[in-house]
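Student: Quick one: this structure, given as structure tokens, is what I'll be asking you about.
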Amino acid sequence: MGTEFNGLFDEWAHTYDSFVQGEDIQYKEVFAHYEDILEDVVNKSFGNVLEFGVGTGNLTNKLLLAGRTVYGIEPSREMRMIAKEKLPKEFSITEGDFLSFEVPNSIDTIVSTYAFHHLTDDEKNVAIAKYSQLLNKGGKIVFADTIFADQDAYDKTVETAKERGFHQLANDLQTEYYTRIPVMQTIFENNGFHVTFTRLNHFVWVMEATKQ
């Protein structure tokens, strides 16, 4: 993952929270049950947590309230500024991304929501291989993101978006790197993880991978 999305992140920073609240009709289904999705990620995490894509701090706040020690990584300067306004003053967010980041001393869980699709499938594999080296046996990766059961599910979702006049959503689905469950299952298993997938809305699945 390079810096190609940083401009988008900065632009989106000031409207992101309205998106997750369902105020944009095109993305309402993408963010359906948003709070439940965040809670599910929190409940599946434990110990010292490395969070990629802090964004405006919504998941971070829930992790902190649940007593987790959190190390936050966020590439967008604008996102970091907004998150710092919402989070405890002593909490620090480090600039970085899924592939380039400062490694904390000890990590039990790696989490992210609505962000892993910014990596190509090859980059996803590189990232998971790196995380496998950071986690001990029993350590976890818990990612919530838009993925698809198979190619047919993806094709139908894009077609439906176009039929409903949701051209921005359709373009998003066709230009970013939304992957398929079999691809992610292979990536996780090849890097020493047992993984399960739980669907929480039409778009979003929670991937819970445990290091073997």
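Note that Cβ sites are derived from N, Cα and C of the backbone, with glycine treated the same way.
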Student: Gly53, Asp97 show up in Swiss-Prot as binding S-adenosyl-L-methionine; which entry in Glu29, Glu35, Glu74, Glu78 does that record put in the same site?
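Tutor: For S-adenosyl-L-methionine, Swiss-Prot names Gly53, Asp97; of Glu29, Glu35, Glu74, Glu78, the listed one is Glu74.
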Student: If you count the other Cβ atoms within 10 Å of each Cβ, which of the binding-site residues Glu74, Asp97 comes out on top?
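Tutor: For the binding-site residues Glu74, Asp97, the Cβ with the most other Cβ atoms within 10 Å is Glu74.
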Student: Long-range same-chain neighbours of Gly53 (S-adenosyl-L-methionine binding site), Cβ under 8 Å, sequence gap at least 6?
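Tutor: Within the chain, Gly53 (S-adenosyl-L-methionine binding site) has Cβ neighbours under 8 Å at Ile73, Glu74, Pro75, Asp97, Phe98, Ser112, Thr113, Tyr114, Ala115.
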